[in-house]
């Protein structure tokens, strides 16, 4: 059988190296290169990327050097200490705790929870949507009823109840609890695109080429909706920072004694803090705004990189 | 023995409605199609849009579930997925799609596109696989630099040839070509068609060639089936169909082939109008009360036509008499 093809062509094993070199010279640039070109063309996005990476690395590394239980101890001498002093860079709260240190540890907690939540809920939502959209029929029907059921549960109330009745929980269990309720939006979005995508001829071609269903879903269809996945994931990351922060702000997030961006912003619950002691809540609020803006800039660039018509970077092919 | 035998194949789609979403009716996309494809021949399936050609093809290759009927390959009914897997059916039967762009995954490089069936069926090592892809590209007349490019970087004709390269990669016995050239301009059509013929000679592949372009079908096919409204109305060799069409639908279809000879423009026009008139007059007799074609009647050893009952009786008697004479 192999002989047949060799009879017709003059290409043999001897030419392989030369020809693959020829092909490599003409190869289209990789996705990573295109994305980098796109970042270079958009200065605010480039700045956002550096701010985000630098900030995440900074809070992770810096928080290793901070002794959290000691930091959270009340120190009467530092009662609402003013900012920009050698001991308290960003001042202190009513317990005399350093806002700067709380901000670093709190950011690490909040960002880790947001990353964990995004990874778990997006992965699950993407798989759910892909499988539901690809198989269709009864599978789709059953999976979408589960989706409907999850949608009608009042999310915030249920989370608060679960958090209240669970005796001991930490950052990890909180992430898992939140993940149960945050995959639906992604799944529905992915399902709608998969429904359209799985009707295309290349899926039929893969089937006739003998490729299995799971491989078609994750190796053929998923790369084709990657732009949607990337954009959705970056935006839901920004949103997920808000989820934990919001819960902590309400007092149902991380347990007492664990700082987070939400607990810092909760200082603004006190009118006196808003007017008199602005440093207790302002840095955390500013940080969240900067983070969310950066992420949305990065998301825009990623979306443009995956869509050739919208690219601003230098054309490379 | 034929390579593949399609017997009374039906594909019906349910129409749901009413309370409880019950099945209220069926769309008969394919309704009792029977034909055989011999090894090494090109079988033409012709018909207007929506006549069920593509659905027939999809049911044969297993993309569409057959409602009833059988497709026999190597003595097994391949409408059942289980049998398809056992026989490695898609190793032997491949498909070329109409839309060359959407049939190639836009996110995969050409190497991966062509190597896909090889990876699933032949399990070559990396070097061998790359060599085979390069050889296939050479056969379809593309240079080695196509290897790492993406489908959108090629022209329509080149893309269709990549589709052909993928289809012949595993050296199949039958390729189902679903309107492979209808999206291409004329010069490129000729290029791709000649090239499909060349491959057929070299590898002894059978084609099921689906088209609505009768000129192309005449160029490619030895045996032709004309389909309309989910049923075959006329089957025969190329000569039977083009020189002795008997069903009014076939006649009408043939009259629709554009003539390039402008000198006889008026005559052609008259001829066309005449055929159309006959078609409108006799339409009621050639289709039953549901608008479906009648069963096929043999009018010669190679030629069968879906004639209305009164004409069919004549031919049956005639053939019986001939039988007695012999």
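Each Cβ is built from the backbone N, Cα and C atoms, and glycine gets one as well.
Fair warning: this is a prediction, and the values are worked out from it, not measured in the lab.
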Which range is transmembrane segment per TrEMBL? Of A:83-103, A:146-166, A:167-187, it is A:146-166
Under 8 Å Cβ-Cβ from the transmembrane segment (A:278-298), and at least six residues away from its ends along the same chain, one finds 42, 44-45, 48-49, 51-52, 55, 80, 82-83, 90-91, 93-94, 99-100, 103, 106-107, 111, 234-235, 237-238, 241-242, 245, 261, 264-268
In the same chain, residues at least 6 away from the ends of the transmembrane segment (A:45-66) whose Cβ sits under 8 Å of its Cβ atoms read 39, 101, 104-105, 107-108, 111, 290-291, 293-295, 297-298, 300-301
Same-chain residues at least 6 beyond the ends of the transmembrane segment (A:247-266) with a Cβ under 8 Å from one of its Cβ atoms are 68-69, 71-72, 99, 102-103, 105-107, 109-110, 113, 159-160, 163-164, 169-171, 174, 178, 241, 280-281, 283-285, 287-288
